[in-house]
Every structure is written in structure tokens, then in C-alpha cells.
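I have placed the structure first, in the form of C-alpha cells, so that the comments after it can refer back to it.
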Amino acid sequence: MRTLWIVAVCLIGVEGNLFQFGKMIKYKTGKSALLSYSAYGCYCGWGGQGKPQDPTDRCCFVHDCCYGRVNGCNPKMDTYSYSFLNGDIVCGDDDPCLRAICECDRAAAICFGENVNTYDKKYKYYSSSHCTETEQC
């Protein structure tokens, strides 16, 4: 399933939300979203189950929960406006749906940046068979 997420990112190109989220991640971490965060732990990438394995994986868990609270929107596809300003990410939409999606992505990118030093390569391409006890949002 994570492969599908990677393919989706490539197909969306510059118009999709996942591309925008990737740019935010790169801005806050210096890392490629596709290479570093698309298949990490139990929650980074398509889907998610189990217990977050570390602070980075918890960022993805919280992001998934945030997307789950955005009703009536398409968080992985809707395009929103944002800018980078003095080291921060500023969401700029008046549309409540687009703003909520942007804020979810912004919070996750900031979380990745705050936890970049705890990123552990052992969780990259982590087998979902290790992701058993599911946490609730």
C-alpha cells in the first residue's frame, strides 16, 4: 500500500496537496518527503495501524488523525495556498476546508522538524507486521 502512496505522489505532480506537504517537509527538515517519510514506521505513508514507533512516527499518527477530522474535504488532493516566511509556514486560505488541510500539513512538517534528530533509519520501510496495537486518535 505504501507503494501506492509513492505512485500517487508522482502522479499528482505540482498540483496536488501531497506535493505541497512534501515541500513543507523539505522546508522544515531539509529531507525529501518521498525518500524519508513515505514509508516510515507504522504511520508515515499510505494508511497506518499499530502504535507509533518513535517521535517521527507519532508526527504521522497525529497527521492522520488531523486529516480524519477534516470532513467534506479531500486532504490528499485539494490544493491550498501557503507561504514560507521567516522560517515558518503560513497557511493563507479563507476557505475553512483548505485552511484546515494546510494546518494539518503545517503541524506535521513542524513536528518532523522538531524531531529530525530522532529520525531512525531502522524504521524506514518498516514492516507493518510489527504494527499491531492500534492507538485511537
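Cβ atoms here come from the backbone N, Cα and C positions, even for glycine.
Going through D54, D64 against Swiss-Prot, the one listed in the Ca(2+) site together with Y43, G45, G47 turns out to be D64. A disulfide bond in Swiss-Prot ties C104 to one cysteine from C65, C66, C137, and that cysteine is C66.
Between C137 and the candidates C65, C73, C91, C97, Swiss-Prot records the disulphide pairing with C65. The record in Swiss-Prot pairs C131 in a disulfide bond with C42, which is drawn from C42, C44. Of the listed cysteines C44, C91, C97, C102, Swiss-Prot assigns the disulfide bond with C73 to C97.
The DSSP secondary structure for C104 (disulfide bond) is helix.
Here the CA atom of D105 (active site) lies 23 Å from the CA atom of C131 (disulfide bond). If you count neighbouring Cβ atoms within 10 Å for each of the disulfide-bonded residues C73, C91, C97, C104, C137, the highest count belongs to C104.
In this structure, the binding-site residues G45, G47 were compared by how many other Cβ atoms lie within 10 Å of their Cβ, and the smallest count belongs to G47. C65 (disulfide bond) and C104 (disulfide bond) are 9 Å apart (CA-CA, integer value).
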